[in-house]
Amino acid sequence: MNVLLGGLVIFATFVTLCNGSCYVIRHKIVPGETIKECTDLKGNKHPLDSRWRTEDCELCACRDIEISCCSLVSTPVGYDRHNCRKIFNKETCKISVVEKTDPNRPCGVSGWIS
């Protein structure tokens, strides 16, 4: 029974870690033309085969047929929403969960969704 329970915990952790928030932007391909750079959603140009972090805490990559971007932010789940609140730090791309009455005291979080 303990082996089964341990396996389920590992599986649940794996599913949580793999539940990423990503999207893809396909290039407009013109026959006979070669892609040398990518243009992101804000109009910024990036060299082919480059990677960058956006202001919105996403990690993006420029490839020959698309730009792919994935969120770097993990969202807390399973915490006391009545007594605690989330604080987002845009510089570190992290969310912390703290007590509403004392923001210096962290709250317990049972899981994170990436």
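Cβ atoms here come from the backbone N, Cα and C positions, even for glycine.
For Cys70, the disulfide partner named by Swiss-Prot among Cys22, Cys107 is Cys22. Straight-line distance linking the Cα atoms of Cys69 (disulfide bond) and Cys62 (disulfide bond), rounded to a whole number, equals 9 Å. Between the CA atoms of Cys62 (disulfide bond) and Cys93 (disulfide bond) there is a gap of 21 Å. The disulfide-bonded residues Cys38, Cys84, Cys93, Cys107 include none with a CA atom within 10 A of the CA of Cys70 (disulfide bond). In this structure the alpha carbons, written CA, of Cys57 (disulfide bond) and Cys84 (disulfide bond) are 23 Å apart.
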